[in-house]
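Heads up, the thing below is written out as structure tokens.
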Amino acid sequence: MKPENGAATWHPAKRSCLGRLTTLETLLLVFLGLLITALLSVLFLWLWVLDGYKTFTDGRPIYPLPFENSSVAVDRSAKNHNDVVCTSRECVRLAGFLAENLNSKINPCEDFYEFACGNYGLNKNLPANKPLRHTISDVQSRLNKQVKSMLQSPISANEKPWDKVAKGYYQKCLDEEELESTGVEAMRDIAKRIGGWPTLEGDKWQEWSHSWEEQIALVLNLTGVNAVILEMAVTHDPSNSSRSVIELDQPKWGAGSRYPYLSGANDPMLRNYTTLMKMTAVALGADPAIAEKEMNEAMEFELKLVNFSADDMVRRDPERGNNRFELWQLKSVFPFINFEKYLKTVFKELVALSPNHTVIVREIDYFVGIQHVLQSTPKRVLANYISWRLVQGFSPFLPPSAREPFYQFKANQTGMFNSPPPDRWEDCVTLSVIMMDMPVGRLFVENFFEKERAMKKMTELTSYLKNEFIKQLHVLDWMDEITRRRAISKANMIEYKSGFPMVLFNDTWMEKNWGMIIKPREYLLHLTIRVKLVRFTEELLRLDQPLDRSMWFQSPAQVDAYYAPNNNEMIFPAGIMQFPFLTLGVPNYITYGMVGAVIGHEVSHAFDDQGGQYDEMGNLNDWWDAETEEKFIEKTRCFVRQYENVHVVEADIHLNGQLSLGENIADNGGVKTAFNAYKAWKSNTTGISEPALPGFQNFTSQQMFFLAYANNWCSLVRPKHYIQIILTDVHAPSKYRAMIPLQNRPEFAKAFQCPIGSPMNPERKCQVW
């Protein structure tokens, strides 16, 4: 109780106690109190740091945590990061990933790929049966093991039917003993169903009485095998993305690329391909002499077809392939191909085709050219070729001894002579992800995907990336205002889908689509065909129906990302949303540099030389001002020249700047947009420095962003495989996807203080977006 006059109350006992202390003891007691206060202050400061600098300014944290349960420590060497280093398990793991690849002896301004990825080859081996290895394939390998662990577990009675069918398919695929005893029989049975393989049957083969058009329609209806002589699809109408149309196109070729065919039958790859055809026929029971003669004839027939086909670079223009006909008009343009008979046989009673149904013919010259070839080719040759392509497509279902030549053919294409075949489980995982896409995807999401945190992070990333791309559109000096408004409208309307389709966890939908039962002793090949035909029937039934834009056309369990121009949407499956691309619990300079650049890449695809021809609704539409379009084309020519000037020493070949143009535009736009998005995120969070990664205390956040980006593309490639990539792949080899976009970025040169004219800071740079 306080006295009225405010004087302190006297306590004699306490005074007596203090009174007995000497002056020295009093000073020591005061010092002890100060020491305890100082220690408590240090402890409080330490807890403050561990809690992620949760100091508030204007109601917001100076350093907002990019993840939960962070762990950081003070490190005076981390001058660029306010003396703070991240010590969480995620940060340590990511730092180890970067450090393992880093070659710090290289000057980053001389060769940044070698700086960032130079030790990748020292710490990673290139398997004898692989043509290349890179960061993406490493993630795919880990995902394959994750899928394997789920599918190999025993099937229990109380499991969902779609889980049972996915596991049952995989486990049946693994049964090599069954394949050894039934694989040839199952394949011969399928060949018999489609009219027989003459090479196997010899003189006993009976020629079919119907036309070749009806024959390939029959093959499609009975097996789901499509791209033989021609390829048919029910797909988006290029001019009206809300509806579906029939599309007819040239097929894919048995040897892969069309390039070896251009050299004729004596091309080494085609000789290997013809040998494969003969060996397969003999493995299935053909007389070697008959196989020799008739597979040569089949090869010559395919060669004639390829001669009328279009080059991939020419096919890049979507407007060129938008050749629209009504069904009744096809006869006048292609008088010797009965497309009406073919299509009506394919659709049967599922959809009633009228003469006015729209048909898109992507390659008019191809179909005009092959008419006379097909007229003059004996049915026996046609039947041999069709049967061969059927068996080739189903080669994973052959016994091991009959599969071996297929592995060797592929290996020889990429310089892997006498390489061992992959383990069977790898093939079976791949087949399961393709054939059981949604059941396997659901299992993967349930077991290995952090849905809430990952989806939340992707929402943040896509929002920042989209906003930054739109900001870039606002300041382009070569784009007129009308085109700019349309471009901004398109960018705003891009739909971002990440993780998995919502129907994946709709049990009713899963039961309807994947409630099938594996029949006792059903051949693996027959089960596969049964699944293919269900999916193919669904495709046919989409004709004339409103398009369901919520559909996904690949499994969530895939390491991939893509932009679909006819839907104006981009999809990021759960498979790519994992370490190292999306590592939850690391600073954002890593996240934006890795998966952020992937998002930026896909955003840029909406405006590359192909995607830019589609409007905001996904319709093929000339929405560009003519002068602006010419300026755009001129800027893309800079990329073509830049990439084609690069000489790949390992294969003594230059990059193909035209074939890879769309991907190069996207790579360059992607890293720029991701870097600007990171800066925007940082600005919106008061700009405080994020913690360093352990071992990278001397790097700035900007340097770490570019280091993370380059680590997307660390790779090992066999020299011969470089040739195949450059001639046939729309992507540049990984090394150059890391290097060239950074050579074009002034922000990179500034971050590493690269002098103008140095290899990583050339005077002439290319940029579109």
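Cβ coordinates come from backbone N, Cα and C, glycine included.
Reviewing CYS428, CYS754, CYS766, the cysteine that Swiss-Prot connects to CYS638 via a disulfide bond turns out to be CYS766.
Per Swiss-Prot, Zn(2+) is bound by HIS601, HIS605; the candidate from GLU644, GLU650, GLU663 named for the same site is GLU663. The record in Swiss-Prot pairs CYS714 in a disulfide bond with CYS117, which is drawn from CYS91, CYS109, CYS117, CYS173.
In the disulfide annotation of Swiss-Prot, CYS754 is paired with CYS109 out of the candidates CYS109, CYS173, CYS428.
The Zn(2+) site is set by HIS601, HIS605, GLU663; from the centre of their CB atoms, other residues of the chain with a CB within 8 Å are TYR563, GLU602, SER604, ASP608, GLY662, ILE665, ALA666, ASP667, GLY669, GLY670. A straight line from the CA of HIS601 (Zn(2+) binding site) to the CA of ASN272 (N-linked glycosylation site) spans 37 Å. Looking only at the disulfide-bonded residues CYS91, CYS766, the densest Cβ neighbourhood within 10 Å occurs at CYS91. Taking each of the disulfide-bonded residues CYS86, CYS428, CYS638 in turn and counting other Cβ atoms within 10 Å of its Cβ gives the largest count for CYS86. Put simply, ASP667 (active site, proton donor) is 42 Å from ASN356 (N-linked glycosylation site) when counted between their Cα atoms. Counting other Cβ atoms within 10 Å of each Cβ, the lowest count among the glycosylation sites ASN307, ASN506 belongs to ASN506.
All chains included, 9 other C-beta atoms sit within 10 angstroms of the C-beta of ASN356 (N-linked glycosylation site). Each residue contributes its Cα atom, and for HIS605 (Zn(2+) binding site) and ASP667 (active site, proton donor) these two points are 9 Å apart. The distance from the Cα of ASN307 (N-linked glycosylation site) to the Cα of CYS173 (disulfide bond) comes to 38 Å.
Cα distances from CYS109 (disulfide bond) to the recorded positions CYS86, CYS91, ASN240, GLU602, ASN698 are smallest for ASN698.
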